[in-house]
Structure formats: C-alpha cells, structure tokens
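The following features are taken from TrEMBL:
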COMPBIAS  32-52  compositional bias 'Basic and acidic residues'
REGION    30-53  region 'Disordered'
TRANSMEM  130-150  transmembrane segment
TRANSMEM  162-185  transmembrane segment
TRANSMEM  191-212  transmembrane segment
TRANSMEM  244-263  transmembrane segment
TRANSMEM  312-332  transmembrane segment
TRANSMEM  344-365  transmembrane segment
TRANSMEM  377-397  transmembrane segment
TRANSMEM  409-427  transmembrane segment
TRANSMEM  439-458  transmembrane segment
TRANSMEM  470-491  transmembrane segment
C-alpha cells in the first residue's frame, strides 16, 4: 500500500511482464471511492502512465478504479488506444492471414481450371484418376490438420515461422507440378501440397482466438476465409495448364518471403507494434478466457476435446460442408461446360458471378454476425437454404433447361458461409491450449475427410449430369440446416445449467477476476458461457 497516494499496488499477469520485461509493471487501484485520481477520466476509463514515487523512472503503472478489478478483467489502456492497436492488427495481421488462404485456394482450384486446358490429356488420366487427384490432396491435409495445431500448441513462440515456412514449401511444390509427366508423379506432389496447406485452417483458428476478442472474431474469421471467393475472381483466361502452376506458384513464393518478415509468433514479437501496443494487444483478449500463458500438453484436455458435444457437431458440420465443396472447387467448370458453353465462356460464366455471390454472402453475413450477439448459427442455417434449392434444380431439371440449371449452380455458392461462421465459433468456444489445438485439428481433419469423399460421388460415367453427386449435395445441404438447430439447443442448455450452478452456490462467492489460464471451457464453468 502506498500511504502517500492512498492506493493499492497489484502486479499484472506474468504474460504482461513477459511482453515488457524491462519494466516493473504494476496496477494501481484507488482505495478512496469518493475521489477520482487526477489523471483518471470520470467515466472510469483507464490511463497508462509512468509513476516515479521513489520506484524508478522506468516503473510502468496503470491507474484503474476498484470496480474494474473486482469480478472482471481490467483494461490497461483507454478506449482510443485499444482501437488504435486493433486497427493495426486488422491492417497487418489480417491481410497476411487472408493472403495465405488466397494462395492456398488458388492452388486447390488451379487443378479445376487446368483440367479443361489440357492437364488430363498431358498426364494421360483415365477413369476416376482425376477424382483421386482431389482426394489425395486432402489425405495429406488430414494428416497435417492434426500435426500443425499440435506443433503450434507445443511451440507457440514459433508460429509465425511455421506458417511462413509452410507457405514457402508449398510454393516450391506448386512450381514442381509442371515437371510431372504421369499420374504417380502428380499424386505425390498433391499429397505433400495438402499436408503443407493444412496449416491454414486449424492454426488460424488458434491465432484468431489469441488476437481478437469474441465480439470481433466472427468478422475476422470471415475475412481470412474470404480469400476463397477472391481467388475465383482472379482466375483468368490462362491458355495452358502449366502456366497456372508456374504463375501462381511464383506469386506464392514471393508472398512467403513477406510472411517471414511480418507474420508474428505472438504479440510479444510483433515487429509492427510498439512495446506498449504489444502489451495492450495481449491484455485486450483477456476477456475471451481462451488465451493461456503456459502451453503444456494436457492429456485430460485432449480427451475432453474429443468427447465435447460441440466438437462432434463441428466435425459433422465440417464434413457436411466440404463434401459439396468439391462441386465448386474441382468439378464446376466441367458441369458448366456440360450446359453447352465453350471452354472460354465456361471459365467466365463459372467464375465471376459465382465469386460475386460468394463474396457478397461473406461480407453481409459476417457483418450481421459482428453486429448482433448469438446469431451465427442462425445465419449458418439460412446460408444453407439456397444451396439446397440450387442442388434440387440441378438434379431435376433436364440438360436442355440451361437457364434454370445455371441459376441452380449459382445458388449453391452461399453454402460455404455455414462453415465460416462455425470456424469463428470454434475460436470463441474452446478454452485451454491443448483442447483448442485438438478440437481444431480434429474438426479440420473432418473438413479434409469431406473433401476426400466428395470427389468419389462425381462418377465419370455420369458426366456431365452427375446424378449421384447432386443427390449427395441435397442430403448434405439438408444436414447443414439441421445441425445448427441442434447446436443452438445444446449451447442454451449448457449456459443455463451453468447459471443455475452458480446461483445455487452455498457460499455466495462470486467469480474472481478473469486470468490468462490454461483451463478448459469445462473447467471454467463459473464464468465461461458459449457464444452462438
């Protein structure tokens, strides 16, 4: 206690000290409730300043009121300083993440467009060989989806290096693709590409959870996943299949160098933030209850993640969302060409309008999700209705009904929004580093499993109508309408159950200040409530 100033001194979390190790970091709290500190605004906002008071000129303290300490997390910066740091993170980190997804999706869809510009003939592909080129990629992805989040959980101080290294490596693999001269060679390249590109989804869920607050996560998740429709717009009328891989592989290689310099491992070594801003960036996500200081592997959290009902529901959502994705990423050009269009017209018709629909869906739905609480699952349900109608049109209309089938094709492009919103919920609703890494890897392994299974429904003997595939589309889109309803019911039940347990406590003790802890969302039942 400081008798001179009448204030209590509290140490900030060790994570904050690790960010600014050269300073002794303290929080000061007014004990005189009737007076405001000279530097404290009347609205209770905090200010950051250096105290001298015999403790040295480099002593950093934060002045806050007592209500900000008890029962909730206390800010260490003014609202304006917090917004400034958030804008900086949005303008630098978010485009880097979006760029990774753009180049990843470019690589995946290059196969789709190369197929109508000579790849099948050049590599002498027969029967279902082309379908297996899609499936083998996701076999590699499935293995990487469990590997990368586990690696990041154990070595969080190197996450930026892992990402830039993986992007560099898959750029090299993409550049090697034109050297393939048979089915076996391109199968090997596609497998390793899948393994390397799998770092994006599960690791970006962890990054989103660690850098943005719950209310910010829906829009940011949609932004970095929004690289998907953008890639469709930039596909041009490139003449040969080899140019696809050489051109975009070279661009990816350049982008990996940018990542090496700008992608941070944690807030502590973000070069584009000042020391004070690094501290603010770390502290602002305290309220998430999903950020931990110690990332030790905990087997109880591993098993908890696998038996958590939301993990099972996210897993089903991932499979149900990505089985139809093969339609857009690998077979769309062949289906549209089957409507009677030339290769050039097919490229234009199957890309620009579809990408515009997908991009507008991403922007509008993510904006609504960021403005209203607990609406993400409802939006996911709504996004699955047009695809169900579209798949039905593709299935029942005759090939002569060109306009109706094309309209059905465009309607299917809103379906990816359901998994985009689910990914944001994963960032919000898992706590504990081991549980978060396990659940993220498991769900994205399901995402890959759906993409492995999807191509097998597109039977070469049924081209270009693909009757079996369209029946699969209708079933999975219907499933994407049912799952959000089940998930909302479970979240509401669990949140109310926890509220009842807290209300029934005999000791009347209130939950304490939120800490950076490595406890899971099950272990933090007193204060952790699930977003919807």
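Using the three backbone atoms N, Cα and C, a Cβ is placed for every residue, glycine included.
In TrEMBL, annotation is done automatically, which means it is predicted and not curated.
By the Cβ criterion (distance under 8 Å, sequence gap of 6 or more), the transmembrane segment (470-491) is not counted as touching the transmembrane segment (130-150), fewer than 3 such pairs being found. Just going by CB pairs under 8 A, the stretch in 130-150, 162-185, 191-212, 312-332, 409-427 that sits most against the transmembrane segment (344-365) is 409-427. Contact between the transmembrane segment (244-263) and the transmembrane segment (130-150) is not supported, since fewer than 3 Cβ pairs fall under 8 Å when only residues 6 or more apart in sequence are counted. Here the transmembrane segment (439-458) does not touch the transmembrane segment (162-185). Their Cβ atoms form fewer than 3 pairs under 8 Å, with each pair 6 or more residues apart. Sequence-remote contacts of a segment are chain residues at least 6 beyond its ends whose Cβ falls under 8 Å from one of its Cβ atoms, and for the transmembrane segment (130-150) they are 108, 111, 115, 120, 162, 166, 186-187, 190-199, 201-203, 206, 326, 329-330, 436-438, 440-442, 444-445, 447-449, 451-456, 458, 460.
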